[in-house]
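Feature annotations, reproduced from Swiss-Prot:
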{"type": "DOMAIN", "residues": "462-579", "note": "domain 'LTD'"}
{"type": "CARBOHYD", "residues": "Thr413", "note": "O-linked glycosylation site"}
{"type": "MOD_RES", "residues": "Arg433", "note": "omega-N-methylarginine"}
{"type": "MOD_RES", "residues": "Cys617", "note": "cysteine methyl ester"}
{"type": "REGION", "residues": "84-95", "note": "region 'Linker 1'"}
{"type": "REGION", "residues": "96-229", "note": "region 'Coil 1B'"}
{"type": "REGION", "residues": "230-256", "note": "region 'Linker 2'"}
{"type": "REGION", "residues": "257-400", "note": "region 'Coil 2'"}
{"type": "MOTIF", "residues": "435-440", "note": "motif 'Nuclear localization signal'"}
Amino acid sequence: MSPPSPGRRREQRRPRAAATMATPLPGRAGGPATPLSPTRLSRLQEKEELRELNDRLAHYIDRVRALELENDRLLLKISEKEEVTTREVSGIKALYESELADARRVLDETARERARLQIEIGKLRAELDEVNKSAKKREGELTVAQGRVKDLESLFHRSEVELAAALSDKRGLESDVAELRAQLAKAEDGHAVAKKQLEKETLMRVDLENRCQSLQEELDFRKSVFEEEVRETRRRHERRLVEVDSSRQQEYDFKMAQALEELRSQHDEQVRLYKLELEQTYQAKLDSAKLSSDQNDKAASAAREELKEARMRLESLSYQLSGLQKQASAAEDRIRELEEAMAGERDKFRKMLDAKEQEMTEMRDVMQQQLAEYQELLDVKLALDMEINAYRKLLEGEEERLKLSPSPSSRVTVSRATSSSSGSLSATGRLGRSKRKRLEVEEPLGSGPSVLGTGTGGSGGFHLAQQASASGSVSIEEIDLEGKFVQLKNNSDKDQSLGNWRIKRQVLEGEEIAYKFTPKYILRAGQMVTVWAAGAGVAHSPPSTLVWKGQSSWGTGESFRTVLVNADGEEVAMRTVKKSSVMRENENGEEEEEEAEFGEEDLFHQQGDPRTTSRGCYVM
């Protein structure tokens, strides 16, 4: 006979206690008889009822003992039958274990392949980020070069404008120089004419001086002739005077002298008048020639000064023009070099972008292929799970039929139930959708090591349920079970404004916390945003990564509820997580309640989600 179970021992202890409680109290011996009160009557009735219950309990204990004896006999027969059926079940069990080992091997290979693909995807994403950073850096350098080219173009345009202004000034100065040269030519012509007139006047003066000298000589000659004639006349007079009377000689000498004096005075007056007129004419012509010559000299000197200044200005403008031309040529060469460099960089960037796009296309194709293979493996896994469940049911049926004890192997049951209802999509793009997703995880503990701990004489586990719903285009895609982040996703093909929207979190019946988006925040179509708590140590990088600086954790517990509320206070998305504990028996036969501990596992990710990583196979 097998020893009684702890449950039976407790049942046996309870009747003894009840019997002890039901023992009647002794009355007072030899006391006088008194009329019974209602309280006394009720106590007597209760004693009678307790006595009957004790009798029934004793009968029940006898019955239980008889049943235990019968049970021991049946257990002996079962043990005999087990020896017989063990040989029959060994073949099925070996086949089941081989298929189970194959399924485990396939799942392990799938997990390893998936981990390898995740590592490759991470490397490719890191390379893509580096390429994007390099492209952004090159784009910044290209923008700086384009700005430099624009500055040089503006400088070149200013140089062209200054060159055009200098050329116009040069043309104006050239016209001024031409006019000055024409005036100078006219002045030189006038100067030549004045010189010619001066030469003529000089010749005339010389001619007049010669004529004056000839007239003076002629006058001297005539004077000498006249004096000779006077002397001759005097000699004749003297000869006549010899004959004339001496009285008349004095009168005649006086008249002679008077006539000679008058003739001399008239001749002197004529010579003086002629000389004065000649001098006045010569002086007037000489003054006129000098004045004209002075004017011509002044005009020529002024023209020479203006010509000199024009030449100096022309030389200065020529120097400036040559400098501007050199600057313009240097700017053109620099612009040409920058354009060539920019064209080379543009071609290089275009080739790099084409190569990266080709690589990204190949990566997408590889990822799609790997996702397809992963989906096929998941389908195979689901099929294997179904077959394993079928084998398990068959084994359980055989065990029940043959009355065998179930094997203490760990098992995990994962059930998914999703239901979605989508409304009509109108021409304006309005999307009405509500979905609910429920995920349950149940993991009983066996005799071997498991996630929760180890045990040899009992079984236990935990139950984790997660529900999600969304009535709009934005859903709560993922939440961290350790309270590090909450992730939202825009499932539509249009941008969604999240201005003044709030994410609320309530753990058990505690205080509700809320994160509020900025008034201008917009979630792009098909994009996700992750709101991290400050204690996660993640850097703030909008618009995809936001940090809640005023909260160190989103909070966690046995159950918590996360809600997305729009600006009008309406709930548009919700996700709840509930964690329940299970009961297990220890070696002493006592039931203990154990709370399940869980971390951030990827049991809640959808099929094909690339965020999941290989954490080990918990299915088998």
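Yeah, the Cβs are placed from backbone N, Cα and C, and that goes for glycine too.
Across the domain 'LTD' (462-579), DSSP assigns 3 helix, 62 strand, 53 coil. Over the region 'Coil 1B' (96-229) the predicted model carries a mean pLDDT of 81. Each residue in the region 'Linker 1' (84-95) gets a DSSP state, and the totals come to 12 helix, 0 strand, 0 coil. Each residue of the region 'Coil 2' (257-400) gets a DSSP state, and the totals for helix, strand and coil are 144 helix, 0 strand, 0 coil. Summarised by DSSP class, the composition of the region 'Coil 1B' (96-229) is 134 helix, 0 strand, 0 coil.
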